[in-house]
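Engineer: TrEMBL lists A:22, A:23, A:27, A:214, A:246, A:365, A:369 with the feature Na(+) binding site. Under the heading transmembrane segment, TrEMBL lists A:12-31, A:43-61, A:82-102, A:168-186, A:207-228, A:240-263, A:357-378, A:426-449, A:470-489, A:517-543.
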């Protein structure tokens, strides 16, 4: 008799694991950005519609498959059809890419957390220049938070081509991040993570994408988690709960993020006014304290008419301070987490406390996501008899962590952040869409929707409502195909891909083209996961043919 | 005759102290920004104090110990409060070189700031950059200390978990041969059926038939 599969202690633990996986950094930095870009509250409409039409059905599907097949992604899809185990392999490959670069975010969070125990916070002041007469030039041109991020944390090089060496400080933090992940997966997989994606200006496309990636579909993590469920557990209820909590967290996070935006915008606006007042006061030797925010415009008009020549000299330096333009700068991704938030935190009272709390939260989210990712990789590996008979579970986990950590050192080099952006943008987008599309079609048409429905009924004791069946068989695949088409056409239309590089001399980001070998790496990333599906199908077909040939010759 | 001398002296002074003159420095004070409600008005007494502080700074320079308050000339005082000053030599004909004045002011900037309750941002000597205070630099960066602590905790935890895992596996391997020890291990079970200790039957990895696991929702109400 086969050794019984380890189970979750209770259904609540499974739900928490899924939530922890789905609620990740994307909820904090991607969703608020999308809300701001696409009209604030009105973005909720396409978002909720996509949640109901696309997110919940696909989440339910993945959980049901895992719970029914009781195996990791590779085994589950092999059970559905031997030709489709490539889907599972593709999921594992994508999860592998994700875990390679995602833990770097945790390394950065650790770095900032450790630096939060200082007074003043290191990103709130600029360091002095060589002869102590002023501040460092790069820091003056940019801001102290940007300087701390680009120079002290990343030590970023001006372009992708200049690699630089491995920086020992982020490398140490990455090592620690992997040790923490290893510690958590050593004794059982419970956690989650999520990553998100970026695309085109269409609000609906973005809502669909956000739901899709926010729930973590296609990585195999959900299948892995569900495979440890008892067959009778109510995965329909779990799917709804997890997706609702994920969306609620996104909305809650955007409320917090918007208040941070507002604080930062107000603070910068008032600073801008102060700078303009000081400039005018000094140029025209006005009485100190005479210029205030209310009379600024009048005085400017008066000075322009009274001293036209002097005013025209100083005019280029007078910035037009506008609260609207401050509010309009929406930032997403690592920029939001590590630059905008730290800038807001440094201006608060007791900033060390807020900083520690904030980066601790980031770490919790990030490590949660990492555990889900490693579960997606480890479950198929420990399921496979070949590997698990030779090595104990601890050794397999250790090996996976070690390999990922070693490859992750690439992201700690001086050009590491540029490679990070490549992985973040391209490692999982197209591949995941394809994987989930094949998953849906496989379950509905290859395995058979009726057969799957009767399996679920026998397993859980509940019938599957017509809504889910319609979604699985028709609406969701159509949606995914249209998303896929949109992405492809967008990539084709945009031409060469560009990236943002940090220019130290100007103190701001500049756009550059990717060199040839970077484009090759992007192509490799997308191809290596998508090609798994047809290649494994082909391989299985060939093997079957050979076996049938042998059997025929023997008989 | 006296009037003529007076005019001559003021004329010479006027020439020596002019905005943009050689060896002249512009000073800018932002008293209201620094002190808010407690700001004092800038009058001739404050100017006298300023002259005194500059003379004091010059006295600290070797060879200039004889500098008097009357050697410091102020001009062009504006509402801002800003003005220009020069330091003349004892003959009152030439101004002292800018470099000397610069060094003197830089060395004593803190005392001058203190005398007026201002700081480097609110009492500015244009063209005399002040030496900024370097941030506190502990010998061992703080972050390494915290990193070291967390690193050690994690390594210890991993080692403990791995060791306990190895010990558990060794115990599992030894069980079939150690029938007698089973009685010590089982707290509740004290029966040994056919030489097989009851302990494994309790473990999760044993033969649990899921179909018979009770779950509330599966039970049909009577």
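Even glycines carry a Cβ here, placed using N, Cα and C.
What TrEMBL says about a protein is an automatic prediction, not a curated fact.
Show me how these features fit into the structure around them.
Structural biologist: Its Cβ taken as reference, residue A:27 (Na(+) binding site) is surrounded by 24 other Cβ atoms within 10 Å in the chains shown.
Residues 5-8, 14, 17-18, 21-22, 24, 26-27, 30-31, 34, 43, 46-47, 49-51, 54-55, 58-59, 62-67, 69-73, 76, 88, 91-92, 94-95, 98, 189, 192-199, 235, 242-243, 246-247, 250, 372-373, 375-376, 378-380, 428, 431-433, 435-436, 439, 479-480, 483 of the same chain sit 6 or more residues outside the transmembrane segment (A:207-228) yet have a Cβ under 8 Å from a Cβ within it.
Below 8 angstroms of C-beta separation, residues 15, 18-19, 22-23, 27-29, 31-32, 35-36, 44, 47-48, 51, 55-56, 59-60, 194, 210-211, 214-215, 327, 330, 336, 340-341, 344, 347 of the same chain, each at least six residues beyond the ends of the transmembrane segment (A:240-263), sit close to that stretch.
Here the transmembrane segment (A:426-449) has long-range neighbours at 58, 61-62, 65, 77, 80-81, 84, 87, 90-91, 93-94, 97-98, 101, 195, 197, 199, 212-213, 217-219, 469, 472-473, 476-477, 480-481, 483-484, 487-488, 522, 525-526, 529-530, 533, meaning same-chain residues at least 6 beyond its ends whose C-beta is under 8 angstroms from one of its own.
Sequence-distant neighbours of the transmembrane segment (A:517-543) (same chain, 6+ residues past either end, Cβ-Cβ under 8 Å): 82-87, 89-90, 93-94, 97, 160, 422-423, 426-427, 430-431, 434-435, 438, 496-497.
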Engineer: Any chance the transmembrane segment (A:43-61) and the transmembrane segment (A:168-186) are in contact, meaning at least three CB pairs closer than 8 A with a sequence separation of 6+?
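Structural biologist: Contact between the transmembrane segment (A:168-186) and the transmembrane segment (A:43-61): absent, because fewer than 3 Cβ pairs are under 8 Å.
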Engineer: Please give me the CB contact count at 10 A for residue A:23 (Na(+) binding site), counting all chains in the structure.
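Structural biologist: 28, counting other Cβ atoms within 10 Å of residue A:23 (Na(+) binding site).
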Engineer: Counting Cβ pairs closer than 8 Å, which of A:82-102, A:168-186, A:357-378 has the most of them with the transmembrane segment (A:12-31)?
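Structural biologist: Looking only at A:82-102, A:168-186, A:357-378, the most contacts with the transmembrane segment (A:12-31) come from A:357-378.
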Engineer: What does DSSP call residue A:369 (Na(+) binding site) in the simple three-state scheme?
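Structural biologist: Assignment for residue A:369 (Na(+) binding site) reads helix.
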Engineer: Counting other CB atoms within 10 A of each CB, which of the binding-site residues A:22, A:365 comes out lowest?
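Structural biologist: Selected from the binding-site residues A:22, A:365 on minimum Cβ neighbours within 10 Å: A:365.
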Engineer: Given the binding-site residues A:214, A:369, which one's Cβ is surrounded by the fewest other Cβ atoms within 10 Å?
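Structural biologist: Ranked by other Cβ atoms within 10 Å, the binding-site residues A:214, A:369 bottom out at A:214.
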Engineer: Provide the number of Cβ atoms within 10 Å of the Cβ of residue A:246 (Na(+) binding site), excluding the reference atom itself.
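Structural biologist: So the number of other Cβ atoms within 10 Å of residue A:246 (Na(+) binding site) is 27.
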Engineer: Do any residues, 6 or more residues outside the transmembrane segment (A:357-378), come within under 8 Å Cβ-to-Cβ of it, and if so which ones?
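Structural biologist: Apart from its flanks, the transmembrane segment (A:357-378) reaches 17, 20-21, 23-25, 27-28, 72-73, 91-92, 95-96, 98-99, 102-103, 105-106, 109-110, 112-113, 116, 177, 180-181, 184-185, 189-195, 216, 219-221, 223-225, 337, 341, 345, 396-397, 400-401.
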